[in-house]
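In TrEMBL this protein carries:
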- 170-182: compositional bias 'Basic and acidic residues' (COMPBIAS)
- 183-196: compositional bias 'Basic residues' (COMPBIAS)
- 160-196: region 'Disordered' (REGION)
- 28-48: transmembrane segment (TRANSMEM)
- 60-81: transmembrane segment (TRANSMEM)
- 93-114: transmembrane segment (TRANSMEM)
- 126-145: transmembrane segment (TRANSMEM)
């Protein structure tokens with residue numbers, strides 16, 4: 001009887017996990033779009049802050065900060081275009097940019113912790129907020145990466161052949177690739193008919 005209860009609990013947990021995975025898979029594009037929107041708002045806020053800093057104190061650091069934030073905004077716009085037009089290259093560029101930023105955040109955090117001589121409770125609160133921010137950042141990067149993986153079923157991946165060290169490039173999912181090509185052809189035909 002106890003074994004049946006454990007099986008039921010495990011099956012309920014499995015069903016919940018399947019529902020959650022299905023929900024995330026179905027709404028991954030919307031989640032990525034929300035991530036891009038929040039990232040754009042975040043970048044625009046920093047452009048405003050960098051502009052104010054440049055106006056109040058004109059120096060090399062303020063100029064570099066403004067240029068860096070403008071580049072950030074451009075990368076987020078590229079990400080939005082990649083999501084909207086289904087361009088995996090644009091999404092990949094944003095992923096690389098975000099991973100570099102994530103590593104820089106971790107580097108600055110470690111530098112801040114190591115350079116502090118004593119434990120200051122106010123700084124500890126700031127570090128806690130930074131840890132939460134880094135966790136959110138890596139979660140968003142992972143979600144976008146998952147969307148990037150399913151975004152283009154025709155992309156080539158390296159697969160090792162049996163008994164060989166050399167890898168060959170093969171389509172990730174041949175069936176999904178064929179279906180996506182058929183959809184693209186139908187879409188192009190309907191666009192041509194609409195133009196006439």
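Backbone N, Cα and C atoms are what each Cβ position is placed from, and that goes for glycine too.
Sequence-distant contacts of the transmembrane segment (28-48), counting only residues of its own chain at least 6 positions beyond either end whose CB sits under 8 Å from a CB of the stretch, comprise 66, 69-70, 72-73, 76-77, 79-80, 83, 140, 143-144, 146-147, 150.
Outside the compositional bias 'Basic residues' (183-196), and at least 6 residues removed from its termini, no chain residue falls within Cβ reach (under 8 Å). Sequence-distant neighbours of the transmembrane segment (93-114) (same chain, 6+ residues past either end, Cβ-Cβ under 8 Å): 72, 75-76, 78-79, 82, 123, 127, 130-131, 133-134, 137-138, 140-141, 144-145, 148.
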